[in-house]
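First comes the structure, then the notes that go with it.
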2 protein chains.
Amino acid sequence: MTSPLTADTIADQEVLDLEKLDCVDRVQWVLNTPNPPGLGHELMESAFSWRNKIPFLNKQSGWKVELFSMLQATFPILSWCQNYNATKFKHDLLAGLTLASLCIPQSIGYATLAKLDPQYGLYTSVVPPLIYAVMGTSREIAIGPVSVISLLISSMVLELQDPVANPIAYKRLVLTATFFAGTFQAALGLFRSGFLVDFLSHAAIVGFMAGAAIVIGLQQLKGLLGITHFTNKTDVISVMKAVWSSFHHPWNAHNFVLGFSFLIFIQITRFLGRRNRKLYWLPAIAPLISVILATLIVFLTKADKHGVKTVKHIKGGLNPSSVHQLQFNGPHVGEVAKIGLIVAIIALTEAFAVGRSFAAVKGYHLDGNKEMVAMGFMNIIGSFTSCYVATGSFSRTAVNFSAGCETTVSNIVMAITVFISLELFTKLLYYTPIAILSSIILSALPGLIDLNEAYNIWKVDKLDFLACIGAFLGVLFATVEIGLLVAVTISFAKIILISIRPGTETLGRIPGSDMFGDVNQYPMAVKTPGVLIMRLKTALLCFANANFGKERIMKWVIEEENAEKTIQLVILDISNLIDIDTSGIASLEELHKNLDSNGMKLAIANPRWQVIHKLKLAKFVGKIGGKFYLSVAEAIDSFSL
Amino acid sequence: MTSPLTADTIADQEVLDLEKLDCVDRVQWVLNTPNPPGLGHELMESAFSWRNKIPFLNKQSGWKVELFSMLQATFPILSWCQNYNATKFKHDLLAGLTLASLCIPQSIGYATLAKLDPQYGLYTSVVPPLIYAVMGTSREIAIGPVSVISLLISSMVLELQDPVANPIAYKRLVLTATFFAGTFQAALGLFRSGFLVDFLSHAAIVGFMAGAAIVIGLQQLKGLLGITHFTNKTDVISVMKAVWSSFHHPWNAHNFVLGFSFLIFIQITRFLGRRNRKLYWLPAIAPLISVILATLIVFLTKADKHGVKTVKHIKGGLNPSSVHQLQFNGPHVGEVAKIGLIVAIIALTEAFAVGRSFAAVKGYHLDGNKEMVAMGFMNIIGSFTSCYVATGSFSRTAVNFSAGCETTVSNIVMAITVFISLELFTKLLYYTPIAILSSIILSALPGLIDLNEAYNIWKVDKLDFLACIGAFLGVLFATVEIGLLVAVTISFAKIILISIRPGTETLGRIPGSDMFGDVNQYPMAVKTPGVLIMRLKTALLCFANANFGKERIMKWVIEEENAEKTIQLVILDISNLIDIDTSGIASLEELHKNLDSNGMKLAIANPRWQVIHKLKLAKFVGKIGGKFYLSVAEAIDSFSL
């Protein structure tokens, strides 16, 4: 106490003292751990972690600085606009214009898929991208209507309201669902519950997207073949029946010829674009060129008089207000809120998949919670301005990236271009054939089917592949909802299966170390004579596997005994046990009793924090005479002393 | 090669050679593990493990020996009857007679609870105990009708068929449900799927039993108060309403006075029995004494003419055949099979809880699968001979044990005694008041409510307690089925919650060892400068927690960086990761990229067999440059070289 030791040398001294302790003292470290935080504390911590993020609650700096940093956090545009310059704008302008040329025909097509009038697709490409541009953190994502969401929302809302019989009531339900979707998204972000979006596994998304792509493709047969009587159902069998029965009616081949030729044209430009990276703009503007050419052809040949179906009248002008169209009473509110929740999660899943993959390429981090708030607000404000659910589009984000966008300004450019088109050019779309819109949607679908990834999933994890194929078949043969349900169920059943699979493994000493490993994984590991070292292959010794696990261990013990090896000590390595419940503790007690009556001792090695805490609470430590050790090696050492 | 080495010295030599290898070579052991068995192999192994148990399939010894050992395995009575002697029989005879004196009044009461005629309870105490005696492995368990199963089966079957309106159709459904229950039990045992019985956690059983006890107690108010108009529902609110409204009708106090006095008498004998262990027989025969006394009182005072309800006519004689009463067609078969499954599992759960606790006291092992086969056959044959579902009774097994039973012969003695009573004494029960049966049932209920255990569960595990209280309230305020459903749901939700809780912990070196432990659990652990060692608190890095886990790690890295410690290396200890899916691998890749762009290296320590296999398949090992190590210590060593 009197010598002038610095803090560092004291620490060093302590370490040296500790090194001198033998393992008997270290056993006390295992037993005398501080108490772990309780469940309540843990829940509170994760639920209220957002409090730290509200700047007014930590009043260290002046309020002006605080206010600005809060604004910056809410509107990332304030951070990057200070460094924005003419070069960046040139890139964004070019990207935005390319984006608009792809966006306009796609938006019209997706609006038809959502069973809304074409202008609603265009509206959705104006307001949401503008909101996202000031609130979002991704630099590449292209916001607007997408095919899967259009299919999802129409397939669910039309079960409540027929869009043909009462298009106004149908539109009101779609807008209300959009409002709910936005609210759920913003709430998920504000309460930092982004993990809910992860409830769809990667494998399930691959299967779901592929199934949805095929369903969307089949829906396009209506436009491509010019069928009048089509089904409202989305499953393969109903659609094929509808197509088959339409062949019995007289049908017009012009639609098909027109649509199919332009589909081939778009595919050729895509092929060229892929071969030569410099021609990236060719597949991007091919849809617009197709629309212009096809419209001209129909106008010049007057093909609309000969059975070619056209878009006809599109209402021009800026998005009208739709605040008064939202419906919060009536019989369907609960159902519509449910639709909103499902759509919100799928939309976020798609946007995150797109945003994260491009952020990873450019090497920056995407803040999931901020993204959710941005998407939520863009959809809430969208629902006030005649937009349906918007999210990040796979195909257009890729185009935006290839066109060299720098910031979300490309979204602003795109929105302004779409807005100008709405003001000036909607009348020109009168003669645009519907078949061409179907071709444009069809041409974007192959990007949703990722056979390569499905093969990788199969290779790495068979149960994951089951979730993938379950989602795929569910969407294809039942409904979109059932496909999602199948995928989520299989994914969670897998978690339960793996968590409670009560396997055991025997351990041996890995040569040249004090470590013990599975003798199957490390064939060079050496077993210690007279000692059986077991590890449970589970993280949770609980009611569902505790008894089975105990019996497995006893089976091993009896087998080893029968092989005429005299086992004196069974060491249970519970290092991978994260939690234990009362059934688990009871089974450990039974194991101890069973071994004891056979003249063997039980030692426990390397318990985790929560586990040793619960074993102490349940007075198990005293029952087995405190035979707890820091490691398997120390357990062996203490018994050979 | 030329020196005459024995196998042992060669092995020693190899060990020494291996010891000399440095850790760089040991890294190869991590990467070049043999392939783990596939999913299919694992499933096959657990499903077909019973094949090894069929002696004819391993033809090593003569067929006579084989046949006898198979018979012995199926009928354990053949093993122990060779050592059976007069002393043991004396004990068993005494225990069997005590058991019968408790069993006869209980059986009649439980039959009323199951809404069947009284003789069906007695039938169920004859055939099932005889079958169990030759097939079962428990020596103490007392077989027969029990209160919880009687309540469960009646509350579910009466939703299909009103027992008052059509007692014969109701009885046929109960017998069919019994047949299904037996079939499911036998099938579970034959396919060695005993783990299904473990799907009810210990905590859930404690809650369920307590709830069921209260519900059964409330049902007894009908008999005790002599209420004519009672409800068929089992929840507290409906029963209290029925009791309340019955007070508005004129009611007869004789029933209550009679029943309540004998309830007090039984409780006093129980108190005496507990104070003095030698008087164990007093509470056991008290119910029979009560029945005899009460019957005499009614007979002598002619109280049945003054409103005291009596049992009236009981059909005597041996169990009649009921094979032709089983119903395998008709509208309810599916429902009845479902009831059979639920009852089968609850019956097994109760029998196992009873059997295991007494087997542990006497120090022998109960073979779960054999028990299930024995219970299955006793219920199948029971359903052919007018018995409803039988299982091991809590209260009677305790009496059997206290009376000093040695083998299942006590069950045989009991069955024969009940059979003799059925032949000779049923007419004497004409004047037995129903209120006395209610008192006998009520007196057995406190044993089902284990407040002490509920407090222990609360202390050890709050989520377990939630399952307990959920089951309790579900049974009490909804139906028995809903209580079970709530318990199973909470239990499994808990498994999912714990499995995917994406916590992380930082590790430090434990002084005097090469081990690394959680710095919170081991406050004496020392962090290595420049290195951040993290461990995931999950067994399964999957879609539901991978992304969150990755973000947690990055948050730690950034916090450490901000604290102006320069981190050069992040070591991820994945020793407790039992499995990983494609989302998990993707998040590890992203983590690697993020760290790399911040100039840090990622190393992986101690991967498990399945995990390293999948990481190899997904080509992740190459992507991070093979930085895999056997332990955290070796990872640090190899970087400081």
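Every residue gets a Cβ built from N, Cα and C, even glycine.
In TrEMBL this protein carries:
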{"type": "DOMAIN", "residues": "A:541-639", "note": "domain 'STAS'"}
{"type": "TRANSMEM", "residues": "A:141-161", "note": "transmembrane segment"}
{"type": "TRANSMEM", "residues": "A:173-191", "note": "transmembrane segment"}
{"type": "TRANSMEM", "residues": "A:203-221", "note": "transmembrane segment"}
{"type": "TRANSMEM", "residues": "A:253-272", "note": "transmembrane segment"}
{"type": "TRANSMEM", "residues": "A:279-300", "note": "transmembrane segment"}
{"type": "TRANSMEM", "residues": "A:339-361", "note": "transmembrane segment"}
{"type": "TRANSMEM", "residues": "A:373-395", "note": "transmembrane segment"}
{"type": "TRANSMEM", "residues": "A:401-421", "note": "transmembrane segment"}
{"type": "TRANSMEM", "residues": "A:428-449", "note": "transmembrane segment"}
{"type": "TRANSMEM", "residues": "A:469-493", "note": "transmembrane segment"}
Same-chain residues near the transmembrane segment (A:279-300), Cβ under 8 Å, at least 6 residues beyond its ends:
98-99, 101-102, 104-106, 258, 262, 265-266, 269-270, 272-273, 308, 310, 399, 402-403, 428-429, 431-433, 435-436, 439-440, 443
Restricting to CB pairs under 8 Å, which listed stretch, A:173-191, A:203-221, A:253-272, A:373-395, A:428-449, is in contact most with the transmembrane segment (A:141-161)?
A:373-395
Stretch in A:173-191, A:203-221, A:373-395, A:428-449, A:469-493 most in contact with the transmembrane segment (A:253-272), if contact is a CB pair under 8 A:
A:428-449
Is the transmembrane segment (A:401-421) packed against any residues at least 6 beyond its ends, judged by a Cβ distance under 8 Å, and which are they?
77, 80, 84, 88-89, 91-100, 103-104, 107, 122, 125-127, 129-130, 132-134, 136, 138-144, 277, 280-281, 284, 318, 358, 361
Which residues of the same chain, at least 6 past either end of the transmembrane segment (A:173-191), have a Cβ under 8 Å from a Cβ in it?
47, 50, 114, 116, 153-154, 156-157, 160-161, 197, 322, 325-328, 332-333, 336-337, 339-341, 343-345, 347-348, 368-384, 386-389
Any chance the transmembrane segment (A:203-221) and the transmembrane segment (A:373-395) are in contact, meaning at least three CB pairs closer than 8 A with a sequence separation of 6+?
no
Averaged pLDDT score, the domain 'STAS' (A:541-639):
85
From the DSSP assignment alone, can you count helix, strand and coil residues within the domain 'STAS' (A:541-639)?
54 helix, 15 strand, 30 coil
Top Cβ-contact partner of the transmembrane segment (A:469-493) among A:339-361, A:373-395, A:428-449 (pairs under 8 Å):
A:339-361
